[in-house]
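Structure record follows, encoded as C-alpha cells.
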Amino acid sequence: MEMREKIAKAQRVVVKIGSALLTNDGQGLDVARIGLWVAQIAELRAQGKEVVLVSSGSIAAGMKRLGFSSRPTQVNELQAAAAVGQMELVGVYESHFEKHGLCTAQILLTHDDLSNRRRYLNARSSLRTLLGFGVVPIINENDTVVTDEIRFGDNDTLGALVANLVEADLLIILTDQQGLFDKNPRDHQDATLISHISASDNRLESMASGGAGVLGSGGMLTKVRAALLAARSGADTLIASGREENVIVRVASGEMMGTWLQPEHGRVAARKQWLAGHLKSRGALILDDGAVKALRKEGTSLLAVGVKDAQGTFSRGDMVVCVDLQGGLVARGLVNYSVAETLKLLGQPSSNIGAILGYKGEPELIHRDDLVII
C-alpha cells in the first residue's frame, strides 16, 4: 500500500502540537491560531476519524498570567505556572471545539500512569470510552506533579506513548521545521528533506542516539525517538511543519509533505504493545550472541544460559532491557527473578535453577509472552 493510501485510511489519529506553535512568542496563548488547529481537527472528525490531541502550552500560558517575563528556573514556579496555565489552555480549546459542536475531555498523564500495567489499562479504557462517545481527548503531561518531566521531558514522547495506548494508526508531530533532513539544515544549505524512511533504517538509530550531528538541537532528536517508539506498536509517524496552512488535514489526507516514518512491523499484541512503550526499566541483562540470535530469529524465551551479566536493582516482575555485548538494545521484558537471583544463574542451564536457588521457579528469566523484541 502506498504512503498516500495508507495515511488517508488512518482512522485513529494522534496529533501532537508543541508550545512554539500555540503561543505568541512566549507571551501567552495564541488564541486565534489555536482556533485554526481546532478547525482542522474538527474537519478530521467530520470525515469520521477519531482524534486525540496531545498539547503543550500550559507553562507558557501560566507564565503570562503569573507575570513572568522569562521562563522560571525554579521547579516550584514551573509547577505553579503549569497549574494556572492548564486552566486557560483547556478553556481556550473547549470554547473553540464547542463552536464545531464537539465535546472535549482533559486528561493529564505521567509516565508512571503508563508504566504501571493496571493504570495503563484504566487509561486505555477511559480513552476508548471517550472516543466511542465522539469526544476529543486533550492530553498533556501533569507538569504540576512531575518535576523531572518539566526539566527534561517532552510531549513528543508522550504523543508516542498515547499513540501506543490508544492503538493509533497515525501519529502526527508538528514542529517548526519541514521534517527530518539528512543534515542539520541550520548548518548545511544543501540539506535534503527525507520524505520517507523506515523505522529499521540504521540512520534513525544513529540520530536517536544523538550521533551524526544531523539533528542539531534536541527538539528534532526527541521527535525521532518518539517516532521509533510509536513504530514499535505499528503506528506510522509524520513529522511536518506546523507553519504550513491546513497541515493536519493535508497530512491526514495523504498529501506528500514532511517526513513519513514507517514501522517495520505491523501492530503487536496488546500486552506486548504495552511492554514496547514501557519506559522505566529497573535494570539490564547483557546477552551473548547466541541468546541475541535466539530472540531475534526464533522468538524464544530468554534463558539464563545466554545471559552474561545483570545490572540494576530489579525484582521479580520488574521491567528490564536486554542488550547485546556491544550495548545495543535487543528487547524489553518482565523478569522472573531478582537481580541477586539472576546473578547466581548467569550462564546456567534451566535444569540447575532449583539446585542453585534452593527452589524451582520458572525455567526462563523472561518468558516470550512477557518479552518484546525492539
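Glycine is treated like the rest: Cβ placed from N, Cα and C.
In Swiss-Prot this protein carries:
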type	residues	note
BINDING	LYS16, THR175, ASP176, SER217, GLY218, GLY219, MET220, LEU221, THR222, LYS223	ATP binding site
BINDING	SER56, ASP143, ASN155	substrate binding site
DOMAIN	282-360	domain 'PUA'
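Structure coloured by features recorded in Swiss-Prot.
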{"residue": "LYS16", "record": "ATP binding site", "CB count, 10 Å": "30"}
{"residue": "SER56", "record": "substrate binding site", "CB count, 10 Å": "24"}
{"residue": "ASP143", "record": "substrate binding site", "CB count, 10 Å": "25"}
{"residue": "ASN155", "record": "substrate binding site", "CB count, 10 Å": "25"}
{"residue": "ASP176", "record": "ATP binding site", "CB count, 10 Å": "12"}
{"residue": "MET220", "record": "ATP binding site", "CB count, 10 Å": "24"}
{"residue": "THR222", "record": "ATP binding site", "CB count, 10 Å": "22"}
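Across the residues annotated as binding substrate (SER56, ASP143, ASN155), the two Cα atoms farthest apart lie 11 Å from each other. Among the binding-site residues listed (SER56, ASP143, ASN155), ASN155 has its Cα nearest to the Cα of MET220 (ATP binding site).
MET220 (ATP binding site) falls within a helical segment according to DSSP. Each residue contributes its Cα atom, and for THR222 (ATP binding site) and ASN155 (substrate binding site) those atoms are 9 Å apart. Under the three-state DSSP scheme, LYS16 (ATP binding site) falls in the strand class. In the three-state DSSP assignment, the secondary structure recorded for SER56 (substrate binding site) is coil. Across the range of the domain 'PUA' (282-360), the DSSP-based residue counts are 28 helix, 23 strand, 28 coil. Here the C-alpha separation of SER56 (substrate binding site) and LYS16 (ATP binding site) works out to 8 Å.
If you take the Cα of ASP176 (ATP binding site) and the Cα of ASN155 (substrate binding site), they are about 15 angstrom apart, rounded to a whole number. Under the three-state DSSP scheme, ASN155 (substrate binding site) falls in the helix class. For the pair ASN155 (substrate binding site) and LYS16 (ATP binding site), the Cα-Cα distance reads 7 Å.
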